[in-house]
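Some features that TrEMBL has for this protein:
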- 1-331: domain 'Kinesin motor' (DOMAIN)
- GLY78, GLN79, THR80, GLY81, SER82, GLY83, LYS84, THR85: ATP binding site (BINDING)
- 342-404: coiled coil (COILED)
Amino acid sequence: MEGNTTRIIKPRSGDADVKTFTFDYSYWSHDGFVALDNGYLAPENEQFADQKRVFSDLGEGILENAWNGYNCSLFAYGQTGSGKTYSVVGGSANKGILPLFCERLFEDIERKQESAAEGTEFQVSLSMVEIYNEQVRDLLNPQSGRQGGLRIREKVDHGFFVENLLTVPVGSYGDIDSRIQEGTRNRTIAATHMNATSSRAHTIVAITFVQKAMSDGGHTLQKSSTINIVDLAGSERAGNTGAARERLKEGCMINQSLSTLGNVIKALADQGKGVQKSTVLPFRDSVLTKLLKNALGGNSKTIMIAALSPADVNYEETLSTLRFVDRAKAIRVQAVVNESPTSRLVRELQQENMRLQELLSQASYGAEKSSSPASFNEELESLRQQLEQNRREMEHMAMSWEQRLASERLAHQQKLKEEKELREKRKTIPHLWNLNEDPALNGLLCHFIPEGSLSIGNGKSENPAGIILHGVGVLPHHASVNNKDGVIILAPSPEARVLINGCPLTQPALLNHNDRLLLGASQLYVLYDPKAVSVDSGGDHKQTVTFDKAQEEIACNSGLCMAVGGNSSDDALIWEDLLSLLPALWEGNGIGEELGKGTRFEVVLTASEGHGKHAGLTQVRVKMTHLASGLEFLLRPREFLGRRFLMQEMYQRYLQGDDWDLPRDKDPFWECPESTVSVGVVQVALQPLSHQLAVSETYPVLDCHGQKQGHLRVLIQPCDSDGAPKRQQVGDPNELVGAAMIGKQLHLLIRILGARGIPEHFTKTHCRFKLFCEDEDETAEVASSNPDYNFEKTFFFNPVTEEFLDYIAKSVLTIEVCGTQVERVQEDKAQCGQERDQTGPSKNHMFYIQDAETVRQLEEAERKLIVLSDFVYQAHRDRATVVLLKDIQTALSGETPVYRELVPGPLFRRVGASCRHDPHPDISTVCVII
């Protein structure tokens, strides 16, 4: 980043692939700072942008526009973890734009009130909503929630708005900070029910600033400004989830919002450039764009912050984010000052109420004669709600600001009192506190365990549970907990899934301080016992318990530690993938079981060779099994996580009693039986071609577990232009890869003759491969377990390049055998959904884990053999007959020995040394020295 320019370089391309973007500001905050004693990150050089600098450039303009009566909007867009929330909210010592804006606003109000004329009044109010799965929740008034979320309505003069949204008057920055914390707690309750995280929801904080003053004519003039602070969901959700089916990405409601936002910005950008002026703007296609219509294409001055990750592994997401906001630069908005007399607003509301009353009476009369009373009832309810909304607005206008503020402060003080009592109660009574995937949501839910017995359930039993948990896999009576004289016993129900510290619980057990409890598929809690804390000699028995650590112990007790094994960086990557998958996997299985989908997901560790990779990492995959048909499909982790969003959406609709099922082509639990799957791969070493030698062999077809699935006969040979094989042998590869061959022509013939021993449940198999930079080739489909493909193709390289010669000397050709599956009927389909291991992995899963360790050992052995083979090949190329033993040992240890040319000559004549070998009397021998 230099000035207002941002350059992004594609990894491993040097300066060959550089893209440059120019914005109003470009801030670097990855390094170049020093942490002060109070925790503030101060710049160490001019490149680092601290929070004060960002607010000076952006926040000051928002503040000035608010005082002038303009609407303002601030978007934070980018990949999860890139720093969106840090820029907007910040940390304790490093306050972001929102808290700094609020502090300055109230400082300016206090200063201007000292010299303000009589009748001048400044009003600040706050609202906070969250959009998740296209549903709107009021985070400051969660009791107002209805099934399907709050409704979005539209008025001609106001645009889109959230019906019955609570707008809270605030009198200081402390009030705003307290309210935002309250909204965060309310978000936690809903998020825990659906195992959601902040990165998968959009949050909109709206601050309304009203200035009132008396005109010369005695009328009250009102100037208002609405400041929208929008923290968007992680932008990678709108990108490639890795799903093989595009519908899974488009069907995801989180993606729908961001996708629609992108479409709106593109259409607005085209209009700003004078292109497609008649384009219909798709604001109505999602809840998010409806609420942000003014911010994007109406009366608002808008800033968009793009948070970027500098990590090379996030190159695609970072480039996508840059392109997204680059389009937004072309948007043109026409902001105007919001200034109007209060009396006119009251009059307009009165007229609107009269109109609604008339419509209501007409609708009531029509309902008596209607043949469709349900639709009329819905219309009547809508009119009544609009009338109620207007009535509340008029009541607010009738109250003085001081009355509204005093009333709100009184209610808020009562809440603060209750929260203080709750904190004191936590210090004396044992309780369970929640662990969440999102660290910001940890510890905000609390379920007390007083003396006596309590039941734990989902609240749907005849006898209501003392502790109600909403989530996948939680039964009406899931467990009971008994606290007698400080001894806490947990007893699970027979069919309930309960884990303590990662171990399945089937009998009543004693609970101790900091024990981790998993109830159902995703409800994770930690026990806090005040007595255990007080008796500790240090006065603090608190341990650090995190979501990741809790998931890790569950995984270890499921047998996954044995599968991953070592402590290398490769193992750490595999372990990270496993931990991110497990919660989603359990949730998916739980949802599928409740919905009766008959699909089972399990994690498997697969051999790298089964994915066409030569001696690489063990791969993590999710196996999806249709229990009735026995069909199996392997999903990449990101593909499965993409399906997870649709599963959650279906489950939420199921709980709300709505129509939850989806068509098959959008069902995350279904895969077309005709889908092509991989049988296995064959890897053909191309190195002999460096000597213009033919490659003719029968190769094993290895599946993703490293298991043999048959054999494939392959022939590759250099040939003449007419396809006749070349007979010339090159002793030194440099004769082929040297300057003599560069720029000349080369023909290669590839024949795939056929396969033998392909499992019978695969049908219509075919092969596909990609040689160097050529297009992918496929054989014809053959319906047989012993197919004859009879594929033949000649490849013509003109001219030969150094890259191609390096490719055939060092690479392998991967040929994938693909096919469709035949249904394998289970012996007892009725028991398919009941065969479930409560610890998580199935028996097959444990087999794959044990097999993965064997695969790992084979991979290590193959790596050593490759090193040894290369070393022997170099010696053979130089016609050496002796190599050092220590070089062989080096190769077998997995390291690469340095080949040294062997110098012939009698030892005793060259250095006066004698050799130790016992020469054969009839054979001439020569000793050598290196």
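Even glycines carry a Cβ here, placed using N, Cα and C.
THR85 (ATP binding site) falls within a helix when secondary structure is assigned with DSSP. Neighbour density at the Cβ, taken as the number of other Cβ atoms within 10 Å, is lowest among the binding-site residues GLY78, GLY81, GLY83 for GLY81. Around the Cβ of GLN79 (ATP binding site), the number of neighbouring Cβ atoms within 10 Å comes to 24. Between the binding-site residues THR80, SER82, THR85, SER82 has the most other Cβ atoms inside 10 Å of its own Cβ, all protein chains included. In the three-state DSSP assignment, the secondary structure recorded for GLY78 (ATP binding site) is strand. Cβ environment of LYS84 (ATP binding site): ALA76, TYR77, GLY78, ASP231, LEU232, ILE305, ALA307 lie under 8 Å away, each six or more residues apart in the same chain. Mean pLDDT across the coiled coil (342-404) comes to 64 in this model.
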